[in-house]
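Let me begin by presenting the structure, written as structure tokens, before commenting on it.
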Amino acid sequence: MDVTKSLLCFISFVAFLLFSSVAEANKAHHHEFIIQATKVKRLCETHNSITVNGMFPGPMLVVNNGDTLVVKVINRARYNITIHWHGVRQMRTGWADGPEFVTQCPIRPGSSYTYRFTIQGQEGTLWWHAHSSWLRATVYGSLLVFPPAGSSYPFTKPHRNVPLLLGEWWDANPVDVLRESIRTGGAPNNSDAYTINGQPGDLYKCSSQDTTVVPINVGETILLRVINSALNQPLFFTVANHKLTVVGADASYLKPFTTNVIVLGPGQTTDVLITGDQPPNRYYMAARAYQSAQNAPFGNTTTTAILQYKSAPCCGVGGGSGTKKGNSFKPIMPILPAYNDTNTVTRFSQSFRSLRRAEVPTEIDENLFVTIGLGLNNCPKNFRSRRCQGPNGTRFTASMNNVSFALPSNYSLLQAHHHGIPGVFTTDFPAKPPVKFDYTGNNISRSLYQPDRGTKLYKLKYGSRVQIVLQDTGIVTPENHPIHLHGYDFYIIAEGFGNFNPKKDTAKFNLEDPPLRNTVGVPVNGWAVIRFIADNPGVWIMHCHLDAHISWGLAMAFLVENGNGVLQTIEQPPHDLPVC
């Protein structure tokens, strides 16, 4: 009996130590985000931009895998706002996901809301951004997830981590740009500059003194955590005369591969190692547009930062290329791909492989075929100017499977689902397009240009094994669409061009080591196939991360039912959840 008691005491003591060590290792990080108007000067002009804590870009958050984030958002701006934690799985914490009218009503001016969630099984680079209107043009920042304490990277530990946020800047109020586009039905005005960490760089007016500078020592290896936080533009990124070793993307590790250039759609992140193995000098880091939509206007300019060797015999500290007169100390410029270089994009995306054997579902319960396309609606007869500003006097729209997604306004979708409120949404999103046609052909019937509008969800049972074929279409114009799924990572098991053919294209499926992503670039005039297991209950939107497109309705949402027991059931809503 005494032996049994002693053994039980010993087991209890060990369990206590283990619990204490886990509790100590997994920390809770508390932050306060104050949403406010801040004077920001770019391109010679000053604007009252919406920021977090007066910072543009916003605060960098640093956590370890397993940590909890508690972020109180206080809205002192004049717009409604929400914050989305892009790529965070939000296991059972869908109330913290952030998309406006999907998982919550917006935080009104003068109000606050506290986001609380835990990072589970993710390491690498994520980010956060506003998910209301076009406020994410200036409301965004990095979220760096390190391995748990005592663990290490599956690659050589870098000397430093450097987040690089690629963005867009409007010499105007981005909210007004969107409102004008919605009013007229036309495409929104393009941005006036691309940025790296909020700065346009040397090639734009009034910008060279504040160009982002990244210092490096000879022989030093740093990890560049590159994030495309631009609203509407996939971007190429490169560094003059340096190789980039890709080791991760969307907070998942990859088999390392070396490249001269990377490409990121809006929403995507890529981790690359770079080594100071060149003669000490100044080298431009540069980003420019990848534009796949034919005849669509875009900003054909280049943003730059500077990789500056600390032993370079040149420069004043902290400035751009204007720190010395003449050209002798100008940074070396890299060669970037042409704006329409789809071949480079394809080679890059097809180089991705998961670091280890992937747990890809091989049996499928739900098989969806989802077409992606723009559209054109007729101008309303009572429109004030009598002529909308889309092509031939129409209004732009967009859809998935011929359904243009409409957000509710009185309740969020998750609130309506959780409380059983009728009339907010339906669960009849089609698993395939209503009409089969030559999706990437040149002679698509104009009858397919006007989609239905609705708030249609697709219901999934907990634990369902899901496959989605995402098919680009030539309606209006084919285009590379970065499709982002909230609440989940998914395996990209194949991609290709033309119309997906299940009889021959299934042979291309990679079920061994496909990359795990949260945002997939569906090839222009092509398709991508993704798979995941529906193990996270809630309402999760899937949308194009080109913000012009989501404002036109290029989205849908999944309703994932609760499973069995507490661990398969979404948590109860927080007490301070905003009301509409």
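Cβ atoms here come from the backbone N, Cα and C positions, even for glycine.
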Hey, Swiss-Prot has Cu cation 2 bound by His129, His545. Any idea which of His86, His486, His575 it lists too?
His86
For the Cu cation 3 site that Swiss-Prot assigns to His131, His486, which of His543, His549 is also named?
His543
Let's check the environment of Asn340 (N-linked glycosylation site): how many other CB atoms sit within 10 Å of its CB?
15
For a quick check of packing: other C-beta atoms within 10 Å of the C-beta of Asn392 (N-linked glycosylation site), how many?
9
Just name the winner among Asn80, Asn189, Asn410 (the glycosylation sites) by count of other CB atoms within 10 A of its CB.
Asn80
Whole-number Å distance between the CA of His481 (Cu cation 4 binding site) and the CA of Asn410 (N-linked glycosylation site)?
30
Here the Cα-Cα span from Asn189 (N-linked glycosylation site) to Asn443 (N-linked glycosylation site), rounded to a whole number of angstrom, reaches 29
What does DSSP call Asn410 (N-linked glycosylation site) in the simple three-state scheme?
coil
